[in-house]
Structure formats: C-alpha cells, structure tokens
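Some features that Swiss-Prot has for this protein:
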TRANSMEM  14-34  transmembrane segment
TRANSMEM  55-75  transmembrane segment
TRANSMEM  84-104  transmembrane segment
TRANSMEM  107-127  transmembrane segment
TRANSMEM  149-169  transmembrane segment
TRANSMEM  182-202  transmembrane segment
TRANSMEM  238-258  transmembrane segment
TRANSMEM  272-292  transmembrane segment
TRANSMEM  302-322  transmembrane segment
TRANSMEM  324-344  transmembrane segment
TRANSMEM  361-381  transmembrane segment
TRANSMEM  392-412  transmembrane segment
C-alpha cells in the first residue's frame, strides 16, 4: 500500500502550488492581455505585439539556457543547491511585483521586467526539479511529480480567481479601479502568493546528494561541465530522451505561453479568455494526477505518447479555429495533457540521472528545454509576421511534436531503472 506523503515530499510539492500562480496569471493569462492592450494603445498592431512577445520569451529563455548548465554544475556542491534556488525565486518574486508599478504606456519596460521575472521563474525551476531526487525514492517519482503539477493547478486557481474577480469588477465599473490597475494588482497578488508558499520548501527540503566542496569551485565546475557533455552522449537512453524532449516540450511550452495572445488575435474578449483559462486550470489538476497514476500502470513512456498525440490534435484544430466555442474545445484538450506531459517528463528524466550530479544533469535538461523554448516562440513570431495569420503559426508547431514522438520511440522503456543505477555507480 502506498504510504502517505512525507513532510519533505509535501514541502517540495507545495512549491508547485506557489509558482504555478505565476505561470497562469503572468505567463498565460493577465500579463499577455495587459501587454497586448498597452501595446495597442501605443499604436502597435496585434501581429507585431505578438511577435515582440515571442522575441521577449526567446531572449529570456536564451539567457537562462546559457546560465543553466554551469549554475547546475556549481549547485551540485554541498549546500549550494538551495542558495541558487533562493536567489532565482527572489529575483522572480521581486520583478513580478515590479510589474504592478510600471505605467501601461511603458510597454517596453513591461517586457523588460517580464523577462527578468521569467528568468527567475525558470531558473528556480531548474533547482526545484533537481530536488526531486532528494525528497523521494525512484519508485515514487512519477506519483510525487504528478502530485506537484496537480496541486499546482489547484493552488494557482486561488490567486487567479481573485485576479479575475477584480478585473471583471473593474470592467463593470463596480469598483472605482481601472482595468489596467486591476490587472497590475494581480501581479502583486501573484508575487506575494509565490513568495509566501515557497517558505516550506526553504525550511524543510534539503540537499541529500551532493559533491564535497573543493578549491576553485567555478573552474572545476567548467571542467565537470565538459565531462558531463561527453558522458551524456554515452548514455543512449538519456541522450535520446533529451533529444525527444527538446522537440515536444517546445511545442507544449509555446502553446501554453502564446495561447492567450492567440485567442486575443482571434477576437475573443478578455473576459472570455480569463474564464476559459480558469476552467482549464481546474480541469488540468485532476488530469495531472491521473497521468501519474496511469504511468504506474502503463509506464511513463506510454502516457507521454498519449500527451504528445493530443497536442498534435491541438495544432490541427487550432488552424481551423474561428469561434469562442472552438477555443473552449481547444483549451479542454490542452488541459487534459499539459500537466501530465510535463510531470512525467520530469520524473522520467530524474530516474535516469546520477543522483549526486542531479543539478548538473538537470542543467542540461533545462538547456534542452530552454533552447527548444527559443525555437517555438521564434517560429510563431516569424510565421505570424510573414503570413499575418496566427493560426498558420500555431499549426506549424505540429512538426515539433512529430519529431519528438518519433525520437521518443527509440528511447528504452521506463524501468525502475538499471540505467540509473549504472550511472550512479560510475565514477563521475
């Protein structure tokens, strides 16, 4: 019988509850609408503002992709993982709070602080993901990782509901606050939520697997980084999984971050978009947990196939989408898989990596994900500019899922795993 979740597991899971508010309010819902409105008031066309947002996302992910591997390598040393985690959380929370105080006419400055907040959010996730090996054994990783995403979707709905309520009341002129001010209040609420519920993670989760500190940490970290690059190619399962992940997670991330902007381009009202995104969060919560449970029965790889195929259907459907009802259907399709595919990717990879070098390898997990996240938004941005049609840009993402699922077919089936044990026994 499955034992109850430990204090360390619950504290780790609770960070998903904390940072998912940023993911829905800032990345997906309110900020894109606030930014699109601010840019439109400054005379920027819908297609151009979508392109600028795509470029901004690409820049932030490129910066983190450059920093991720070396920071992860340094963080493998004793006592370093939590320090780096705390630094990026602090940067993310502070810059998110700053979005609440920048006048809407300064839309370029908004993009700048959004970039910093995105780097803080994603940077903290590198170390958060790597802590999975410290808080739970391999046999529970799928379950704990999926619980994190599930709880994250549930928790994010609370600040999201508050944000929607304030914005809708402002639109109806029920409260003496402008829609712009109401939107910015949601950024401050998100920052406070993120910071508050990070505290249990800081207090109760500790680095169990590490390398003893030595002289010249930075220099030696660069040396170890080079060694890791060579070793990754030697681990066939690990390398193939990262390659598949590079493509399919790009499509997933791009759809998540650009969905609200796309809906706005189709003429769907901001109120409808916010409600749709809220329902998406509610639906996604149980499906994330279901993915984790089904992975215990059918293997994580099988459930990854399911998620990728659903996203391929999303790309095709998005091309023909015209009405708000179509967007509802699209959102529900995404909701069934977005949490599950991310949770199982995280736990699948965690089972393959040497635990003492988890940050080092998760740094590469991050760089594969982040470089992929550059390609997707750029594909959206360039296609939108060339064709003037957001639907064509979204449809083009299907090629990423096709390539990803083909490569994933060559990855050995998930086991408990012999590969991971062999890697842990190797002198690194």
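Glycine residues also receive a Cβ, built from the backbone N, Cα and C atoms like all the rest.
Between the transmembrane segment (238-258) and the listed ranges 55-75, 324-344, 392-412, the one holding the most Cβ pairs under 8 Å is 392-412. Taking residue pairs at least 6 apart in sequence, the transmembrane segment (182-202) and the transmembrane segment (149-169) share three or more C-beta contacts under 8 angstroms. Packing against the transmembrane segment (182-202) from elsewhere in the chain are residues 10-12, 14-15, 17-19, 21-22, 25-26, 30-31, 33-34, 82, 85-86, 89, 92-94, 96-97, 99-102, 128, 131, 155, 158-159, 162-163, 166-167, 169-170, 175: each is 6 or more residues past its ends and has a CB under 8 Å from a CB in it. In summary, the transmembrane segment (272-292) lies against the transmembrane segment (14-34): three or more C-beta pairs, each 6 or more positions apart in sequence, are under 8 Å.
Only residues 6 or more beyond the boundaries of the transmembrane segment (84-104), in the same chain, are considered here, and those with a CB under 8 A from a CB of the stretch are 19, 22, 26, 31, 34, 37-38, 41, 71, 74-75, 110, 113-114, 116-121, 123-124, 126-128, 131, 180, 184-185, 187-188, 190-192, 194-195, 198, 201-202.
By the count of Cβ pairs under 8 Å, the stretch nearest in packing to the transmembrane segment (107-127) among 14-34, 55-75, 392-412 is 55-75. Long-range contacts of the transmembrane segment (14-34) within its own chain (CB-CB distance under 8 A, at least 6 residues past either end) are made by residues 53, 92, 96, 99, 104, 110, 114, 117-118, 121, 124-125, 128, 148-149, 151-160, 163, 167, 180, 183-184, 186-187, 189-190, 193-198, 200-201, 256-257, 259-261, 264, 270, 273-274, 277, 281.
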